[in-house]
């Protein structure tokens with residue numbers, strides 16, 4: 001399983017590919033919607049790409065609980 005640092009780096013790459021945001025902007029405390037301006041459609045693409053990259057399943061009902069980058073890192077690490 002990937003370390004939390006590896007998960008964060010992987011998520012930053014995925015967010016960069018989807019939104020064009022610099023990977024340095026994707027920090028654990030950042031909110032996907034408020035800080036990174038990621039809409040629901042982009043978020044679903046990010047989730048699908050994260051599932052593929054990390055070999056996990058993130059149920060649709062869990063996606064709404066992934067408010068911050070850290071929430072996503074913690075979920076993936078614990079999956």
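Backbone N, Cα and C atoms are what each Cβ position is placed from, and that goes for glycine too.
Swiss-Prot annotations:
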type	residues	note
DOMAIN	2-79	domain 'Carrier'
MOD_RES	40	O-(pantetheine 4'-phosphoryl)serine
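The 10 Å shell around the Cβ of residue 40 (O-(pantetheine 4'-phosphoryl)serine) contains 10 further Cβ atoms across the protein chains shown. This prediction places the mean pLDDT of the domain 'Carrier' (2-79) at 97.
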